[in-house]
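So the structure is just underneath, and the comments pick up after that.
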Amino acid sequence: MSHGPLRVGIGGPVGAGKTTLTEKLCAALAHRCSMAVITNDIYTREDAEALMRAQVLPAERIRGVETGGCPHTAIREDASINLAAVADLRRTFPDLDLILIESGGDNLAATFSPELADLTIYVIDTAAGQDIPRKRGPGLARSDLLVVNKIDLAPHVGVDLARLEADTQAARGQRPYVMARMRAGVGVEAIVAFLEREGGLQLLPQD
């Protein structure tokens, strides 16, 4: 691509499964394209360290950014710290095809600057409650792809999954969504297909 690697922003509340999604995408794609990850944490680099421990990418392809008290600012109003990390990765790996940018945990209003992310994926947690899709924050309603994660927990937390999906459809309109269980890898293929289709990501054939 003429403007460099596809940059995909991954957002969502704390505990929704952003780091698990990032880990699963790395496991699925690292052998099929040149990729890297930037994680945003408020005061630590815990998410970056978790990915390094999982060994889904070489450590030098993972950057941890400490955002301070307002993680949404670092992905929208002042994305300079993340843009600097993107530039550093591109200098180090000129052949990059894909950069995943994981936001710090935030609320339903968090969105990525178009300057930072070409596509946005927003992750919500089924266990957070039946009414989450009806709240329709910008991340949920306007992200390029919504991932409804942990659907296996629905019966344990009193969530009607069929109603949750109907409310998700109503909130999303024509925009795509995936019902997922990231920890088990359910939904990963659909997300990869989305990146190919909407992001023009070109992948090597699977082994």
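Cβ from N, Cα, C; glycine included.
Feature annotations, reproduced from Swiss-Prot:
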- GLY12, PRO13, VAL14, GLY15, ALA16, GLY17, LYS18, THR19: GTP binding site (BINDING)
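Cβ neighbour count within 10 Å across all protein chains ranks GLY12 highest among the binding-site residues GLY12, PRO13, GLY15, GLY17. Listed in chain order, the extra residues whose Cβ falls within 8 Å of the Cβ center of the GTP site residues GLY12, PRO13, VAL14, GLY15, ALA16, GLY17, LYS18, THR19 are GLY105, VAL123, ASP125, ASN149.
Neighbour counts were taken as the number of other C-beta atoms within 10 angstroms of each residue's C-beta; across the binding-site residues VAL14, LYS18, the minimum falls on VAL14. Packing around ALA16 (GTP binding site) is summarised by its Cβ count: 25 other Cβ atoms lie within 10 angstroms of its Cβ, all protein chains included. In sequence order, THR39, ASP47, ALA50, LEU51, GLU102 make up the list of same-chain residues 6 or more apart from THR19 (GTP binding site) whose Cβ falls under 8 Å from its Cβ.
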